[in-house]
Amino acid sequence: VLIIAVLFLTACQLTTAETYSRGRQKHRARRSTDKNSKWTRECTRSGGACYSHNQCCDDFCSTATSTCV
């Protein structure tokens, strides 16, 4: 009975906190689905122009030719 009461009170607190904070949060936490995520980011394929390694799909930018290798 005590376990059920604790679970019920916890659920009530979570529901209240979610309802109260809805619409008030200015800066939400970043999630793995953001565009800045390496798994979902757009990248330049081999032969395309680049200025840094993180622009290329294979993470290598030739500084001599400014192209992804």
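Our numbering is plain: 1 for the first residue shown, then up by one each step along the chain.
Every residue, even glycine, has its Cβ placed from backbone N, Cα and C.
In three-state terms derived from DSSP, C43 (disulfide bond) belongs to neither a helical nor a strand segment and is classed as coil. Positions annotated as disulfide bond by Swiss-Prot, on the basis of similarity to another entry: C43-C57 (among others).
Annotation source Swiss-Prot lists disulfide bond at C50-C61 (among others), citing similarity to another entry. When secondary structure is read from DSSP and collapsed to three states, C61 (disulfide bond) falls in the strand class.
Taken from Swiss-Prot, the feature disulfide bond covers C56-C68 (among others), and the record attributes it to similarity to another entry. Neighbour list (C68 (disulfide bond), Cβ cut-off 8 Å, at least 6 residues apart, same chain): T44, R45, S46, G47, G48, A49, C50, Q55, C56, C57, D58, F60, C61, S62.
Look at Swiss-Prot and you will find 1-17 tagged as signal peptide, backed by sequence analysis.
In the three-state DSSP scheme, C50 (disulfide bond) is classed as coil.
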